[in-house]
Amino acid sequence: MSTMSLTVIFTLFSSFLASAVQCSPNITQTSPIQKQKSVGDTVWMLCQINDLNNEVVLWKFVDHNKFIARGDKLQVSDVNHYKIEVLQGETTDAPASYILHIFNLQTADQGFYECSVDKTNQTLTYQLQITEAPTLPPPPAVHSYNFTDCCVKEGVSSACQPVCDPFNQKLPASFDPLIACALDLPKLLKCGSDGKNHAPCCKRRLLPDICQDFCLGKVPSNLEDPHLECINKTMDIIECYEEGQNILPLPPTSISTVANANGFVVNWQPPIKNKDLIKGFYIHYRLSADSTYKTSQKIKREMTSSSIGGLLSNKIYVIYMSSFSEYGSSQPSELITQATLGGQAPIEQNYNIQVCCDKAKIPTNCKQSLCKSNVFEDLDPAVIFSCYGYLDEMMKCVTGERNHTGCCQRNGISDECLGFCSGNMPSLDNNLSKCMIKLPLIEACVREGLATIPGPPGNIKLTEVTTTTATLSWDPPSTSANVTQYIVSYLEHSLRDRVKTPNQNTTDNTTIQLTGLTPNTEYDLTIISANDAGQSLMSPDIAFLTFDISPSEPSITPSPGPVLPYNLTECCIQKSLRKDCLKLCNYDFIISAPTTELYTIALACSNDFDKVISCGADGRDHTQCCRERQIPDNCLNVCKGDMNNADILCAFQAPQITQCFVEGIVDQPRPPSNVRIGQITAHTVTVSWSPPTGGPKAESYYVYFNTPMKTELPQDNKIMTNKTTYILQNLDSGYTYDIYIVSANSEGFSIPSPSLSAFIAPDDHSFNCSDDFTKHSDNSIDLKSVLSVKKYTQTTVAICKEKCLSASQGDQCTGFSFNTSTCLLVIGKHGNIRQEDRTDFYSRNCDFKTLIQIPKPNITTNQSWTNQQECCTNHNISDSCMPFCQTGNAFSNPATCGNEFSTVVACASDGKNHSSCCQQAGVPRSCLPYCWGAVMDKDHPVAQLCLSYTRMFVTCFTKGARTIPSMIRGFSAIDIQATYVVLSWMKPDQNCNESDCRYDVQWLSNGQSNTEYALKTTTANITNLQPESDYHITVSATNQFGSSLPSPMLNVRTRPIYKFEVNFYIRPHKVIDSGSAVRLLCEVFGAPEATVSISFKTNVKTTDRELDIDIVSKDDAGEYTCTVKQTPNAVDTVVKTLQLMVRYKPEVLHVFGAHVEPDAAKTAYLKCIFNGLPLQVTWKKDEKPVPARYPTTAHVVFNADGSISDTLQIHNIRSEMFGTYQCNGTNKFGYDVGYLKLQSMI
């Protein structure tokens, strides 16, 4: 092999070297220093620098390529693991000391640490060795590293490609690297290093620090003469490249970020190559103006998303990631530049959401619980169900009426969860759990979109409609994000169920004219704001009707004929006014008559005064004139010809009011005539009228419209036009509208025309009735989908009722309920609605939204497990999820367990009751079963919604693991009599000291519950029981922090009270060795004539009162029964049992291994079950005694069937502890060995 073939790569840089003289501080000691420690120890490293001046000292962990400290500031998130201490010298010429402390050392801390002075070549290296850390695999016997494929891919010139196979290519003596590889050095280094950090290997080979860049696969940024020394180290660098191929990971891929105001969420995928080597990841980040990266805490290997918080708003950050293994780390991933958002303050966000919810008319109780910026962290199932009819409106408000789907899709949110991103609540079905575990990422997308995506336009108005055009205007959104265009979508109303793609126009203005429309056609229209970041949600629908081609849009028509003098007396006669009152029907008399005379006639004619006033006003509104003449407010209605709310005292104002009447008759128009309703569509009403008959002409008209349900007339419901036909646009179907017209000119207004009513029938096209009903024998029904309608009247109720009745076969239909966005039939397959649920079935008052009732989920409360591992096994967790379930690592990446995640959460309670902590953390009552280990029906929406509290569960479970007693083991009844039971159990394995641990025993019988509290011993005598009664008994351990879960329930039946006594026992009273003799005695007192039989495994062995076994074997071990009957009354029978314990050569019945995550303070449980009663069980690992440095405890349990369970607990699992273990059960008859594996779940 040619030496030249190995030195070519690094001779290339010699042509670029430039000498430079630089004065710099110096580190007092530069020789490498070694330190050796054990797991759990603390280490400190001293770095002293002379002449530091204003330069900055850096501490770096070379193996993981992360900066620990810059000056006296830590650059890492795990601040409890590191500390930097700076000591200045007492004199100016004394060196400065920078001391790095590392606490609670773990195997992952092994490696090289470097102290350096920034912008100099001054470094000091420490090599930290951890006793328990794994050793490096031996180097390959034959060198074969070849990276030619990468060179071809990266475009290394063909003349230089032989260098890419350094161990096999013999380069000719004439090969000149400066010619053949002049431009290829960066590519060669990239391919040779293969994305891995080879710096630790270079450190072990004592390469100069100045060569470290080559070990990282990059050309030094400041090539200098000292770099020539690296040429002599080419062989070492190449061999490090080769060594790293099988022990170092590649960086993560597909990295993306989602920003918010004070941080970002990072998503990634693990590399495909060497994926199994990865132990975790780091996120490295810095302000774009800084030079030193900060590093996140270690991120578990199964995670593909993590967040960084506490950053500055409106700042640009540079981000990259790295992977690490047991032996080192990858090179940095590609760099990402991400700006944090300015964002809205939470107070402003909440205010905007509250305003939006007010507009959507969400009731107060739902608004308080749901209309808030952190709603994704608090999805209380009780609130979700009670406010179900408002969830879509709430989601639109919480998302800021913006569509965040693009961000969600980029970050891997599945289709069934995209409703959270686009303002629509997803269905409450068994896919919901996938959404709950993605809520933090969804929330990050929403927060990013609030700052970058515009909201919808506001105040959309139809300014003009003709036969073929419609002109609209709107206000730009009030959000900070710029709008680059508006997307106007419109479609004929009759086509909306058949055509999925509407017509679209775009504009960058806030007005648009739609052309080419069809005459006399109703259209639906929405507008979206958009920019490069995304789009708003659609504006509310606008419905409008174009005019017909027929002459239906005439110009204003003058009143026909000349203005004739008004005959007030004739009007009064036509209204049948009494003759003695006709004197009031004369304007001159009213104006000039003495007040006393006028009041006397008015009082006499008070019953007909309204006729006089009506004729006097002559259909005009004289209010403005009356105000100018200071007529009292209580008499102003008289000025419009209306006596309502006026009293007889207004007669004193008659002269002034009459003067207004006289002036108005000359100048003001009368009301329009012949007002009529024309065409009515799903959202429009056409109204037309004729000009006033007689009097001054009308120059314009005001069209008023309103619904009877509204008490006030909003300003928007008054339209001015100069035509005698108008189309009321964008009305709601299912309502009756009151419509009237007022004439107007420059002098004033007429009184309103007679009011007409127009009923807009429900829009049949908006119905989507479900036929998916399931009927049950108890007359309940499952209705698996919903009937969507826009507005509700009695007609829509009838439609829903008819649909329900027909689908459910007549009177067996239970019903449905309404809200204003959905006719709720019931959600999901669990909705067995019954009448007693008090749901408002067949509701005819549709102005409010009714509450839907969802039955409670099935909850498994009878525990058949005592710890996390048993729980996972007994609930049949799948093989793919089992390692995550048994270790709790599913919390870091919930998607790994999918629909099993809810069971994993319950199992993670680990036999402890965390309810108190959960309640204090704000977990709602309906979700507390998770906190005490209950397994809820995983398909039920309650169980899935509760997963939004997973963060709180994990916090409480972690806290309780160190403080709350674990579940009690070995609970049994050692004596059962007619009126008492003696119980016994074993002390819990965890958190149960004799000084502060107490026991509570609870028993139930016939629905009655009793508890004996705070027992100090592990036995209890339950007295005053009833003979021949069933009791269900549990026991739990309690201390000041909480209690364990109750033990698995023990079911016992007390014995009857007999007229005689029976004793059944063994002689000798001890464990019997195989081959020995034994006697079983069944003694009867008080019944000399009783018959006795002794049985074994249902076979009667003897009818005597003694059973002798001369030579006992293992087949004789087990339960024996003595049955005593009182003759002649055989009803009085006593049955006694005992267990014959026989010791023989041990036999392994079952073994239980474990999967555990290393270096995460986890405990493994290894269990072997023996027959034969071994006197001693010893444990080995890989055929050798378990090392004494392993923190272990052992527990032995005598099982009711005569077997023995021996459990070895290994605490604080590390990688070195994995392997094959043996349990050796031994007694004088021999031994048996069980083999079981402790494996990493990673």
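These residue numbers are counts, starting from 1, taken along the chain as shown.
Each residue, glycine too, has its Cβ placed from N, Cα and C.
Bear in mind that TrEMBL entries carry predicted annotations, made automatically and left uncurated.
Annotated features in TrEMBL:
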- 25-131: domain 'Ig-like' (DOMAIN)
- 248-343: domain 'Fibronectin type-III' (DOMAIN)
- 456-552: domain 'Fibronectin type-III' (DOMAIN)
- 671-764: domain 'Fibronectin type-III' (DOMAIN)
- 769-846: domain 'Apple' (DOMAIN)
- 964-1057: domain 'Fibronectin type-III' (DOMAIN)
- 1048-1139: domain 'Ig-like' (DOMAIN)
- 1146-1242: domain 'Ig-like' (DOMAIN)
- 1-23: signal peptide (SIGNAL)
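Below 8 A, the CB atoms of the domain 'Ig-like' (1146-1242) and the domain 'Ig-like' (25-131) form 3+ pairs separated by six or more positions in the chain. Taking DSSP states H, G and I as helix and E and B as strand, the domain 'Ig-like' (1146-1242) has 3 helix, 59 strand, 35 coil. The predicted model assigns the domain 'Ig-like' (25-131) a mean pLDDT of 90.
Taking pairs at least six residues apart, the domain 'Fibronectin type-III' (456-552) and the domain 'Fibronectin type-III' (671-764) share three or more Cβ pairs below 8 Å and count as touching. According to DSSP, the secondary structure content of the domain 'Fibronectin type-III' (248-343) in residues is 3 helix, 46 strand, 47 coil.
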